[in-house]
Amino acid sequence: MGLSFAKLFSRLFAKKEMRILMVGLDAAGKTTILYKLKLGEIVTTIPTIGFNVETVEYKNISFTVWDVGGQDKIRPLWRHYFQNTQGLIFVVDSNDRDRVVEARDELHRMLNEDELRDAVLLVFANKQDLPNAMNAAEITDKLGLHSLRQRHWYIQSTCATSGEGLYEGLDWLSNNIAGKA
(Lines of atoms letter the chains of each structure in order from A; the text may use other names.)
(Lines give C-alpha, C1' and ligand atoms only; values in the text may rest on other atoms or scores of the structure.)
Protein backbone atom coordinates (compact mmCIF):
# COMPACT_ATOMS: atom_id res chain seq x y z
CA MET A 1 0.00 0.00 0.00
CA GLY A 2 2.72 2.45 1.01
CA LEU A 3 4.76 1.63 -2.07
CA SER A 4 1.86 2.21 -4.47
CA PHE A 5 1.09 5.53 -2.76
CA ALA A 6 4.75 6.52 -3.13
CA LYS A 7 4.64 5.61 -6.83
CA LEU A 8 1.47 7.63 -7.33
CA PHE A 9 2.90 10.57 -5.41
CA SER A 10 6.13 10.58 -7.43
CA ARG A 11 4.20 10.25 -10.68
CA LEU A 12 2.04 13.24 -9.78
CA PHE A 13 4.76 15.46 -8.39
CA ALA A 14 8.03 14.37 -9.97
CA LYS A 15 9.46 16.73 -12.52
CA LYS A 16 8.49 15.61 -16.00
CA GLU A 17 10.81 16.15 -18.95
CA MET A 18 9.55 16.87 -22.44
CA ARG A 19 11.42 17.33 -25.70
CA ILE A 20 9.89 20.08 -27.81
CA LEU A 21 10.90 21.15 -31.32
CA MET A 22 10.00 24.72 -32.29
CA VAL A 23 10.06 25.53 -36.00
CA GLY A 24 8.46 27.93 -38.44
CA LEU A 25 9.44 30.23 -41.26
CA ASP A 26 12.16 32.79 -40.67
CA ALA A 27 11.10 35.92 -38.76
CA ALA A 28 8.03 34.22 -37.24
CA GLY A 29 9.26 34.93 -33.70
CA LYS A 30 10.63 31.56 -32.56
CA THR A 31 13.74 32.85 -30.82
CA THR A 32 11.82 35.70 -29.19
CA ILE A 33 9.32 33.14 -27.86
CA LEU A 34 12.08 30.87 -26.57
CA TYR A 35 13.82 33.59 -24.60
CA LYS A 36 10.57 35.14 -23.38
CA LEU A 37 9.74 31.74 -21.88
CA LYS A 38 13.26 31.14 -20.58
CA LEU A 39 14.15 34.59 -19.24
CA GLY A 40 10.81 36.35 -19.03
CA GLU A 41 12.10 39.24 -21.09
CA ILE A 42 12.46 40.39 -24.66
CA VAL A 43 15.89 39.88 -26.13
CA THR A 44 17.35 41.36 -29.28
CA THR A 45 17.60 38.56 -31.82
CA ILE A 46 19.31 37.99 -35.12
CA PRO A 47 18.28 35.35 -37.66
CA THR A 48 19.03 31.90 -36.28
CA ILE A 49 21.51 30.00 -38.40
CA GLY A 50 21.47 26.56 -36.84
CA PHE A 51 19.64 26.28 -33.54
CA ASN A 52 19.19 27.49 -29.99
CA VAL A 53 18.35 25.03 -27.25
CA GLU A 54 17.14 25.94 -23.78
CA THR A 55 15.43 24.23 -20.90
CA VAL A 56 12.27 26.01 -19.82
CA GLU A 57 10.93 25.13 -16.37
CA TYR A 58 7.17 25.53 -16.02
CA LYS A 59 4.72 23.92 -13.58
CA ASN A 60 7.02 21.08 -12.54
CA ILE A 61 7.79 20.30 -16.16
CA SER A 62 11.17 20.69 -17.76
CA PHE A 63 10.71 21.49 -21.45
CA THR A 64 13.83 21.10 -23.57
CA VAL A 65 13.01 23.44 -26.44
CA TRP A 66 14.97 23.28 -29.69
CA ASP A 67 14.53 26.50 -31.69
CA VAL A 68 15.68 25.77 -35.22
CA GLY A 69 16.34 28.46 -37.84
CA GLY A 70 13.65 28.96 -40.45
CA GLN A 71 15.40 30.33 -43.55
CA ASP A 72 14.47 28.30 -46.61
CA LYS A 73 18.07 27.19 -47.18
CA ILE A 74 18.29 25.53 -43.76
CA ARG A 75 14.78 24.05 -43.50
CA PRO A 76 15.97 20.69 -44.88
CA LEU A 77 18.00 20.42 -41.65
CA TRP A 78 14.82 20.42 -39.54
CA ARG A 79 14.47 16.65 -39.95
CA HIS A 80 17.71 16.11 -38.05
CA TYR A 81 15.89 17.31 -34.91
CA PHE A 82 12.78 15.11 -35.25
CA GLN A 83 13.97 12.07 -33.32
CA ASN A 84 12.38 11.69 -29.86
CA THR A 85 10.34 14.88 -30.29
CA GLN A 86 7.19 14.68 -28.20
CA GLY A 87 5.74 18.05 -29.09
CA LEU A 88 6.08 20.27 -32.11
CA ILE A 89 5.56 24.02 -31.81
CA PHE A 90 5.01 25.57 -35.23
CA VAL A 91 5.26 29.36 -35.06
CA VAL A 92 3.44 31.43 -37.67
CA ASP A 93 3.78 35.16 -38.25
CA SER A 94 0.08 36.03 -38.26
CA ASN A 95 0.82 39.26 -40.07
CA ASP A 96 2.66 37.61 -43.00
CA ARG A 97 -0.17 36.90 -45.42
CA ASP A 98 2.25 36.58 -48.33
CA ARG A 99 3.94 33.50 -46.87
CA VAL A 100 1.13 31.66 -45.09
CA VAL A 101 0.87 29.15 -47.97
CA GLU A 102 4.61 28.54 -47.71
CA ALA A 103 4.17 28.00 -43.96
CA ARG A 104 1.33 25.53 -44.63
CA ASP A 105 3.44 23.58 -47.13
CA GLU A 106 6.39 23.34 -44.74
CA LEU A 107 4.15 22.27 -41.87
CA HIS A 108 2.44 19.50 -43.85
CA ARG A 109 5.76 18.31 -45.31
CA MET A 110 7.12 17.98 -41.79
CA LEU A 111 4.04 16.26 -40.40
CA ASN A 112 4.38 13.56 -43.05
CA GLU A 113 7.71 12.52 -41.54
CA ASP A 114 7.52 9.17 -39.77
CA GLU A 115 9.62 10.34 -36.81
CA LEU A 116 6.97 12.95 -35.93
CA ARG A 117 3.92 10.70 -36.24
CA ASP A 118 3.37 10.61 -32.46
CA ALA A 119 4.24 14.23 -31.71
CA VAL A 120 1.44 16.57 -30.69
CA LEU A 121 1.24 19.85 -32.61
CA LEU A 122 0.91 23.29 -31.07
CA VAL A 123 0.61 26.19 -33.49
CA PHE A 124 1.51 29.61 -32.13
CA ALA A 125 -0.33 32.23 -34.20
CA ASN A 126 2.23 34.87 -33.27
CA LYS A 127 2.32 38.66 -33.61
CA GLN A 128 -1.35 39.09 -32.71
CA ASP A 129 -0.51 42.61 -31.53
CA LEU A 130 -0.09 43.81 -35.12
CA PRO A 131 -3.12 45.56 -36.64
CA ASN A 132 -3.55 43.34 -39.72
CA ALA A 133 -2.76 40.02 -38.06
CA MET A 134 -4.87 37.04 -39.07
CA ASN A 135 -6.77 35.60 -36.13
CA ALA A 136 -6.44 31.98 -34.99
CA ALA A 137 -9.49 30.85 -37.01
CA GLU A 138 -8.07 32.30 -40.22
CA ILE A 139 -4.64 30.76 -39.55
CA THR A 140 -6.34 27.41 -38.85
CA ASP A 141 -8.03 27.61 -42.23
CA LYS A 142 -4.97 28.80 -44.16
CA LEU A 143 -2.73 26.11 -42.63
CA GLY A 144 -5.30 23.40 -43.34
CA LEU A 145 -5.28 22.25 -39.71
CA HIS A 146 -8.75 20.69 -39.91
CA SER A 147 -7.37 18.20 -42.45
CA LEU A 148 -5.05 16.78 -39.77
CA ARG A 149 -7.46 14.06 -38.69
CA GLN A 150 -4.85 11.72 -37.18
CA ARG A 151 -2.95 14.45 -35.36
CA HIS A 152 -3.59 15.94 -31.93
CA TRP A 153 -3.26 19.70 -32.52
CA TYR A 154 -4.12 23.05 -31.00
CA ILE A 155 -3.70 26.66 -32.11
CA GLN A 156 -2.93 29.45 -29.65
CA SER A 157 -2.92 33.17 -30.43
CA THR A 158 0.29 34.69 -29.11
CA CYS A 159 2.33 37.84 -28.85
CA ALA A 160 5.94 36.90 -28.16
CA THR A 161 6.98 40.36 -27.02
CA SER A 162 4.30 40.60 -24.31
CA GLY A 163 4.22 36.87 -23.58
CA GLU A 164 0.48 36.75 -24.18
CA GLY A 165 -0.73 33.22 -24.94
CA LEU A 166 2.64 31.51 -24.48
CA TYR A 167 1.90 29.84 -21.15
CA GLU A 168 -1.58 28.81 -22.28
CA GLY A 169 0.17 26.98 -25.12
CA LEU A 170 2.61 25.32 -22.71
CA ASP A 171 -0.34 24.24 -20.56
CA TRP A 172 -1.94 22.55 -23.56
CA LEU A 173 1.36 20.92 -24.52
CA SER A 174 2.05 19.59 -21.05
CA ASN A 175 -1.48 18.24 -20.63
CA ASN A 176 -1.48 16.55 -24.01
CA ILE A 177 2.01 15.11 -23.93
CA ALA A 178 1.48 13.85 -20.39
CA GLY A 179 -1.80 12.30 -21.52
CA LYS A 180 0.04 10.30 -24.18
CA ALA A 181 2.75 9.05 -21.82
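Counting begins at 1 with the first residue displayed.
Every residue gets a Cβ built from N, Cα and C, even glycine.
Residues or ranges marked as N-myristoyl glycine in Swiss-Prot (evidence: sequence analysis): Gly2.
Here Swiss-Prot flags 24-31, 67-71, 126-129 as GTP binding site, drawing on similarity to another entry. Non-local contacts of Val68 (GTP binding site) by the CB criterion (under 8 A, 6+ apart in sequence, same chain) comprise Leu21, Met22, Val23, Lys30, Thr48, Gly50, Phe51, Ile74, Leu77, Trp78, Tyr81.
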CB within-chain contacts under 8 A for Gln71 (GTP binding site), separation at least 6: Asp26, Pro47, Ile49
Gln128 (GTP binding site): tally of other CB atoms within 10 A of its CB: 21
Spatial neighbours, same chain, of Gly24 (GTP binding site) - Cβ under 8 Å, 6+ residues apart: Lys30, Gly70, Phe90, Val91, Val92, Asp93, Ala103, Phe124
Helix, strand or coil at Val68 (GTP binding site) [DSSP, three-state]: strand
